[in-house]
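As recorded in TrEMBL, the features of this protein are as follows:
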| type | residues | note |
| --- | --- | --- |
| DOMAIN | B:39-389 | domain 'Luciferase-like' |
| BINDING | B:Asp62, B:Thr99, B:His149, B:Tyr153, B:Ser224 | FMN binding site |
Number of protein chains: 2
Amino acid sequence: MSPSGRAPRQLHLNINALHSGFVPSAWRLADADPRAFLDVNHYVRIAQIAERACLDAIFLADNAAIADQLDFRPITALEPTLLLASVAAATTHLGLIATASTSYNEPYNLARRFATLDLISGGRAGWNIVTTADLPSARNFGLDAVPDHAQRYARADEFAALVKTLWNSWEDGAFIGDKEAGRFVDMARVHAAAHRGRFFAVQGALNLPRSRQGHPVLVQAGASGDGRELAARHAEAVFSASQSFDEARAYRDDLNARAARHGRGPNAVKVLAGLTTIIGATEAEALRRRDELVDLIPWSYSLNRLAGILGVSVDTLSLDERLPDDLPPPGNGNGNHTFFNATLAQARAHGYTVRELVRALAGGGGHRVIVGTPEQIADDIAHWFERGAADGFNLMPDALPGGLEAFTEGVVPILQRRGIFRREYDGTTLREHLGLAIPADGRAVLQHEYA
Amino acid sequence: MSPSGRAPRQLHLNINALHSGFVPSAWRLADADPRAFLDVNHYVRIAQIAERACLDAIFLADNAAIADQLDFRPITALEPTLLLASVAAATTHLGLIATASTSYNEPYNLARRFATLDLISGGRAGWNIVTTADLPSARNFGLDAVPDHAQRYARADEFAALVKTLWNSWEDGAFIGDKEAGRFVDMARVHAAAHRGRFFAVQGALNLPRSRQGHPVLVQAGASGDGRELAARHAEAVFSASQSFDEARAYRDDLNARAARHGRGPNAVKVLAGLTTIIGATEAEALRRRDELVDLIPWSYSLNRLAGILGVSVDTLSLDERLPDDLPPPGNGNGNHTFFNATLAQARAHGYTVRELVRALAGGGGHRVIVGTPEQIADDIAHWFERGAADGFNLMPDALPGGLEAFTEGVVPILQRRGIFRREYDGTTLREHLGLAIPADGRAVLQHEYA
């Protein structure tokens, strides 16, 4: 308790369980199993470490294609809703957030899979809404090109609204189960979606009632204008890729203002910033670990990736020379639009070589990296959290499960001593962990907006 | 071992885990939990009973709609691939067969979900291919009518071939995982589907390698001509709804002949007959249990269902009178085309009232019902199995888990003493249980047939 007698606002922490970890060479560490990306027990171990530390949730990204250089590194492979259904059986409190695409699924199927995960986990499910921007995925679903940004987001908006309608098909009292009277469900309290929109027509009700938390938590990672609008309308938690404190605070303020314009309350959306950590007992040890990890990434892989994000040809980059002066403006590359800006500015200011820049980025895909001691990381987290740049963090450790263990053993106890992170779970559902209300039951009548 | 010194041919037994059981009133029994259809632990219990008795697999039907009278009885609700991913975590040997529709899924997504189930269960997955003939499902996927039979089966054929191509994307040696050399996967041994057909275009390779059993077992329930052709081309196990011994043997012979015409070997397809059992210590006790269960079904439900299968208006049926003489010819109703014929003939011969017919059908949906002692049931099973009418049975107990326990405790030991059912598992994969070969690896080049 704080001196005022009120419990301070609490931080939220998810573990983003990307196969062997966020540095692309993590699978090459001495204690790593290269097959971890295919091993359900790897994910169960990560989930159990997270649950012992009272983290809010495990999060799984997704990609319905081979969308990275599999010759050099693991990819997102096992389908995340099934993987989390298995993880659910080995955990009791941890939230379970899976990514699924609105561009390459049917709303009825997706609503059902997540409602199933929510019921079998006792109300711990979350859906991370993505629109899937890569070409290999589009080509696995009958398309020759990626649908344009505006169309993907228009479809995602209708999709998310329809999924909520389906999740709310059953009023909470609809199930009767009266053996004596022989009455099973009160069909007057089960409502057909009766949706006819621009992208979808779904007539019936979902064949599942709501869970202990109402329905799964909606999660999103909206960076673009369309993405922020989608998040402001539907998301209850948002993953941001903000690189700097100022950028993060501006993003969170913008998102809350947009949510307010859609009539949503001040705490309706929790903003969790992506954060890669590389932890050492001293800062020097952490930096050594970073450089060892980065140097285990084949340089051809790192250079291709850097070139792709910078939007330049790989031929223009030379490891031991400085960056070319004539880079295209930020945002022209393949990455998230907030990618790299801070580190790139730092590289410019200090005259980094390409090799030094790659090391400073820790081989990462554009999220912020902190390299340091548990105290340094806890200070940084507390600063962002207490000064309004984030409601929490989506943890992206260098290596898994080792980098998560270093975090839960080193950083979490410091955050607990500061009173900003739970020592035990108050509830059993993901909504309870995140401090989100149970949505009202009954049918959400949203269809007319999409007709 | 038989006197010849060769182990006799072995029977296959699956448990068809339809929520509270196959008699629609099973949820009203004193020991039943009405919420079982939503409870993962109910399915885990069923799976564990089945695994203790060394059954081949648990099987889950599916329906992506509210397609039965939910006011009176449970429906298929939880999504089966997720449910089995959770059951996988609580079992070690039992096969895991889930139903999924070719009409309302995308091949890449479906291939991935089943490959995931196969990998996380150590090679225990099976896919039951259905084309989904009900209108409520069609209306949940943007359609106003059910696609016609021929088109559904043409799509299913291309779908199944494409899913096999995706499952075989990776040659078995493609994964390297060489930490020293930094080589993860040999991409020269991962093959793009490059499929452009009538219904689907899928460019890439699956993002998952094969499992210990190669790929999931393909299962089907083909009764119509198109259905039998689909089964003969793709299925490795088939569920039949045959009502009589002669019909069952003719069906199995026909299916094997069709499979041979597609170049498949004599044991390429295992035929498992659907079988509802109602078990008592005496036949009289079993009949009493049957009538008690049937009388717990609301008569309005039973009459509606019977009228639908007979293809007549419900007004023409009166509980205490005999069936009308002018029934339409069999096959005109909504049911499986082999539905009811035997029981209907029996009803005619003995002058049953409608009430007596409903009892004789045990409220069932058209599969064969045996009401009797464990010895009677074991005799019947052995007769069908040994005389070539079936390779095994898809067990559909009156109530779950009780009716399964009565079977595993009463019938299974008799089958084991006769030497036709295993006392322990020889292998760990579903293919090993079913005596099916691991399919050849490498890319199955089937696309040209579908262009």
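Residue numbers in this text run from 1 along the chain shown.
Keep in mind that glycine also has a Cβ here, set from the backbone N, Cα and C atoms.
The structure displayed is predicted, hence computed values, not measured ones.
TrEMBL feature annotations superimposed on the structure.
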{"residue": "B:Asp62", "record": "FMN binding site", "Cβ contacts under 8 Å, 6 or more apart": "B:Thr76, B:Glu79, B:Pro80, B:Ala98, B:Thr99, B:Ala100, B:Ser101, B:Val130"}
{"residue": "B:His149", "record": "FMN binding site", "Cβ contacts under 8 Å, 6 or more apart": "B:Ala133, B:Ser224, B:Asp226"}
{"residue": "B:Tyr153", "record": "FMN binding site", "Cβ contacts under 8 Å, 6 or more apart": "B:Thr131, B:Asp226, B:Gly227, B:Glu229, B:Leu230"}
(request) Between any two of B:Asp62, B:Thr99, B:His149, B:Tyr153, B:Ser224, the residues recorded as binding FMN, what is the biggest Cα to Cα distance in Å? (result) 20
(message) For the domain 'Luciferase-like' (B:39-389), what's the mean pLDDT in this predicted model?
(response) 92
(message) I need the most crowded of these binding-site residues: B:Thr99, B:Ser224. Count other C-beta atoms within 10 angstroms of each C-beta and give me the top one.
(response) B:Thr99
(request) Reduce the DSSP letter at B:Asp62 (FMN binding site) to three states and note it down. (result) coil
(request) Provide the three-state secondary structure of B:Tyr153 (FMN binding site) computed with DSSP. (result) helix
(request) Work out the three-state DSSP category of B:Ser224 (FMN binding site). (result) coil
